[in-house]
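Asker: Taken from TrEMBL, the feature domain 'NADH:quinone oxidoreductase/Mrp antiporter transmembrane' covers 109-378. Per TrEMBL, the feature transmembrane segment maps to 50-80, 92-110, 116-134, 155-174, 180-198, 248-266, 273-292, 340-362, 382-401, 422-440, 452-472, 540-562 (among others).
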Amino acid sequence: MFNYSIRPEPLISGVLGSSGACLFMWGVWAKSEGASYFLFWTLFSKAGTGIEIVACLDLVSGIFSGLVLTVAASVIIFSGYYMSEETFNPRFVGLVLAFVGSMLILIFSPSLVSMMIGWDGLGVSSYLLVVYFNNAKSSNAGMVTVLTNRVGDSILLLIIGLTLMGVGQGSNWLAASSEVWAGFISLGFILACFTKSAQLPFSSWLPAAMAAPTPVSALVHSSTLVTAGVYLLIRFHGVYGCWGVQDAAFSFGCLTMLMAGMSGMAENDFKKIIALSTLSQLGLMVACIGAGLVEVAFFHLVLHAFFKAMLFIAAGFAIHSSMNFQDIRRMQLLPWEVQFMGGLVFVGSASLSGVPFMSGFYSKDLFLELASNTSMLGGSEIIFCYSACALTCGYSLRAAWALMGKGGLLLRAENLDTRSKLFWVSPLVLWVLSVSGGWAGEVLLADLKLTVMPFSVKALSLAILPAGVGVFKLGEASGLSSAKGIVGNMWCLPDWASSAPSSLGLASGKLARSVGDGIYVDSSVSGAWDKALGAGSSHFWFNASFVPFFGFKAIFLSLVFMGL
């Protein structure tokens, strides 16, 4: 009937989707029972010793794993349409499944040691997916992504080592240095999660990773890699309470929201606008956790994954159908199918903006109200949060308006063949979850008590939408879309991320060269190094042409070995 039915994507998507539904219902049942379950598998047993695998099944792991599998099923269906002309499409599907498997290992692991396997697998598989297109842009983006995430891997390994060292030294060591030990653990844990979730100052890799295929963006940048750090913060929310680290996480989350909102208003690339909106929502989740609203953060994580994956799929379809144009100033599509896809973009943008009775409204509005009513926010932080939410409304409306209504270069989309009929299942499932996802709050927020707040706080949160419309109109009138410099370039973070390591390596090499030249000249005059090292050896170690190379490579190799 359909040529598409002979492809493996529908079967794989069916298995993933049904498994995701079962795990989601398991999480709901575990919540109703108020229990957590640990499953043990013995892989190897010999002479009284063995290797066991332990999996933790509770509300958080069940719902989050069901979410990941549901989004992965929709993305694989979409990839069958988007990647249909790719020669190595089976390899792409295999990489996606490896990525999903690494995420499941991270979700179900009960300890940091076993989580590290999935954490490292996410970094490797995400790098292979980002560099799937063999060109210079993808290679550069993949290098920025893997090196930034490698910093977090190194810090997480250091945390595991400190923890094991503290346990091995016994209770006396812990009693003597518990505050310092806990402070280092808190700081390192937050930094490791910041690298994975692209919080300031590690935000530059997320927009750069848009060089990956759009199905990868729909999966990686909605519910998996970028939320892995947030998931760890939720899982271990009692670990990072020392040295004011939790308050710092709240402040950095607010700053990330503001930076992403300002950059989104000045961006014209459709995929990068959605990536910056992801960055803004990640900042919101981190701010929720910093304010102590862990349940609200997890609630927003679940809702955000649905409508953000739908946005990426709709954007990929629109880009693919308009001769691969990504500039919103040149995108306006004619056929009714594409206009319907534009409607999906509008629904996703409405959820992202927090329009009442859309899924994003329930979590975002709840965070602003609870944080404001309990005086968790200072004056500047209130301004940052509400300004960032208004900017989110502004650039979401700008992108939807550019796709659906504003005049520009009209591009007639390609004719849809029969293969795309099955494709509609992917965005429609996510559309239903994006519209009706607010019911999940009945399960995830069942422990929250009724809060009575003054009318001024409620009116302030409702005023975000008209403020966002005003930001959109102001940006159109002032030409903010063409702004460059610090506002339109993520506060110059991409430039810093690319130039700082290079400058550090070159400066270290220059310093090593100058020191080496001085030692070599001194050894030629006095012969002291020749006597200590043997005749001719100083010429090898401190030759002017060898030292700069050695200095730069030593720094690079030290960074690599830190992550091994």
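Backbone N, Cα and C define each Cβ position, glycine as well.
TrEMBL annotations: computationally assigned, not manually curated.
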Asker: Which one, 180-198, 273-292, 382-401, has the most C-beta pairs under 8 Å toward the transmembrane segment (248-266)?
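Answerer: By the under-8 Å Cβ criterion, the transmembrane segment (248-266) pairs most with 273-292.
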Asker: So are the transmembrane segment (340-362) and the transmembrane segment (422-440) touching or not, going by 3+ C-beta pairs under 8 A with a sequence gap of 6 or more?
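Answerer: The transmembrane segment (422-440) and the transmembrane segment (340-362): touching, yes.
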Asker: Where, among 50-80, 92-110, 273-292, 382-401, do we find the most CB pairs under 8 A to the transmembrane segment (180-198)?
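Answerer: Per the Cβ count, the answer is 273-292.
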Asker: What same-chain residues lie close to the transmembrane segment (422-440): Cβ under 8 Å, and 6 or more beyond its ends?
Answerer: 2, 4-5, 10, 17, 63, 70-71, 74-75, 77-78, 80-81, 299, 302-303, 306-307, 309-310, 313-314, 317, 341, 344, 347-348, 351, 357-359, 361-362
